[in-house]
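Working notes for the structure below.
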Amino acid sequence: MKSRAKDLWALVAVMTAALVNFVVFGLVHETGWKDAADYSAYAKNLILGNGYSLDGIAVSIYREPGTSFYLVPFYTMFGIETPFAIFAAQVTQALLLGLLGFIIYRMVRWYSEWWLALLAGIAVCGLPIYGYYTVEIGAEMLFTFFIGVIFFICARIMRDPEHAPWYWFFALGLASGYQSLVRFQFVLFLPFIIFCYVCYFLYIRTLPPHTIRNVVIALVIFAAIPLSFASYIYANTGVFAVTDGRQNEMLYYRAVRAELSYGEITQYLRDWLWRSVSGGVNTPFLVKNEFKALGAEYEKMATTPEAVARIRAENIATILSRPGHYLYGNVVEVIKLAYLEHDYSESWSRYFWPSLYVIMYSLFLFGMYQFFRTTGNWDVRALVVLALLFSFYNVFTLSFLSTVPRFNTPYLFLYILIGFVGVVLFRRKRGLL
């Protein structure tokens, strides 16, 4: 009973931290409506009976449907695109951030004292960039929350992999399937993590029948969700896909940059980093090779389906003919992902944000240091391995595209978790746990 009371207090604390973050770093800035307008239009047309349509006339898949599905109940209850409906969706995102903090609390609580677990949960809920995104109607906060849910399920299975019940795998398939509708980039993640899970059993030279059954359950439930949506799209458009939004455009960006020399690619990275550090100073070379200028070029050329197909074929041929330049570009994209974006509201000193991220990265490095210098303790260290697998999947898959730092934002809570796992390992080594 005492433990339940502590959990309840922890839930109240992380929810409060999330709502404070929502007010301090979210409500202080004016929300953008560019991407949100697309998600909102799809939700509106679903409610009006026009199907999954951006213009209300024809079914289309410019955006993945997960965020639009999220908006539907708010628009249904409070009116389409009314201020109260938008605000309700924003507050709910803040509550999802609180639940993410509680998930982190529960995982650290498995191995440590109540106060340390609570501190970890509050650290995640209080991350300013998450507060910023709670008020944005987009995929970031929803994707972040489901990353946390999926990570928790994987960690729970990992605690006793040989005896994990089937319903955890069902939940894993369900959450991963919906996540692929929020960002289709996630579609290969469950097969990847299950491959690692099966490799573990093969390593210990046993693969029990119930493990095979559970893996099949997860994969079937997972596959059913995006396949069902893709089937609906195929029935209405003749295209079997979840999204066809910006893949061709990103392919064009990377093909153009693959045509640069190695020196020019290095210059692109140098100019990009300087713009990020200086707070927005562009060079003519960077402007020419960044997404705004390249996007305008692409839109001028990609005016018909035939033109899109032709440009895509040319871009693929360019990349295949210059694999070294393309892969060097992948390294550039990885570096871009590692740079943590700042909150755009400018509500705090310019020095606050770099200092905050130095602290977070220092915590992460402390966790990694404790991971490598500790022997045994695999019950705790396995969490670090799992977190690194999640981050590796994200960075590896995105490196083949044209990225921006916010694509890595949903995974930042894993950096914090690794840091607190390091604290747990440190305290164990000192005999404090």
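Every residue, even glycine, has its Cβ placed from backbone N, Cα and C.
According to TrEMBL, the transmembrane segment annotation covers 7-28 (among others). Long-range contacts of the transmembrane segment (7-28) within the same chain: residues 90-91, 93-95, 97-98, 101-102, 105-106, 109, 114, 117-118, 121-122, 124-135, 343, 345, 347, each at least 6 residues beyond the stretch ends and with a Cβ under 8 Å from a Cβ of the stretch.
Tertiary proximity for the transmembrane segment (84-105) is limited to same-chain residues at least six positions away from its ends with a CB under 8 Å from its CB atoms, namely 10-11, 14-19, 21-22, 26, 70-71, 74-75, 77-78, 117-118, 120-125, 130-131, 133-135, 137, 141-142, 144-145, 148-149, 151-152, 413, 416-417, 420. Annotation comment: TrEMBL describes 84-105 (among others) as transmembrane segment.
Taken from TrEMBL, the feature transmembrane segment applies to 114-133 (among others). Among residues of the same chain six or more beyond the transmembrane segment (114-133), those with a C-beta under 8 A of the stretch's C-beta atoms are 6, 10, 13-15, 17-18, 20-22, 24-26, 29, 93-94, 97-98, 100-108, 140-141, 144, 340-341, 343-345, 348, 353, 356, 360, 409, 412-413, 416-417, 420, 423-424, 427.
The transmembrane segment annotation in TrEMBL covers 139-157 (among others). Distant neighbours of the transmembrane segment (139-157): 39, 64, 66-67, 70, 93, 96-97, 99-100, 103-104, 106-107, 130, 133, 164, 168-169, 171-172, 175-176, 178-179, 182-183, 186, 189, 193, 197, 383, 386-387, 390, 406, 409-411, 413-414; these residues of the same chain sit at least 6 beyond its ends, with a Cβ under 8 Å from one of its Cβ atoms.
Positions annotated as transmembrane segment by TrEMBL: 164-180 (among others).
Per TrEMBL, the feature transmembrane segment maps to 186-203 (among others). Under 8 Å from some Cβ of the transmembrane segment (186-203) lie the Cβ atoms of residues 143, 150, 154, 157, 161, 172-173, 176, 179-180, 211, 215, 218-219, 222, 226, 242, 389, 393, 397, all in the same chain and six or more residues away from its ends.
Annotation source TrEMBL lists transmembrane segment at 215-235 (among others).
Among the features that TrEMBL reports, transmembrane segment is placed at 351-371 (among others).
Counting only same-chain residues 6+ beyond the ends of the transmembrane segment (383-404), those with a CB under 8 A from a CB of the stretch are 107, 147, 151, 154-155, 158, 185, 188-189, 192-193, 196, 250, 253-254, 257, 291, 330-331, 333-334, 336-337, 341, 367-368, 371, 410-411, 414, 417-418, 421. Here TrEMBL flags 383-404 (among others) as transmembrane segment.
Remote same-chain residues near the transmembrane segment (410-426) are listed as 100, 104, 107-108, 111-112, 116, 119-120, 123-124, 127, 129-130, 140, 143-144, 147-148, 151, 340, 360-361, 363-364, 366-371, 374, 377, 380-381, 383-384, 387-388, 390-391, 394, 433 (criterion: CB distance under 8 Å, separation of at least six residues from the stretch ends). Among the features that TrEMBL reports, transmembrane segment is placed at 410-426 (among others).
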Per the Cβ filter (under 8 Å) with a sequence gap of at least 6 from its ends, the transmembrane segment (351-371) is approached by 127-128, 340, 342-343, 381, 384, 412, 415-416, 418-423, 425-426, 429
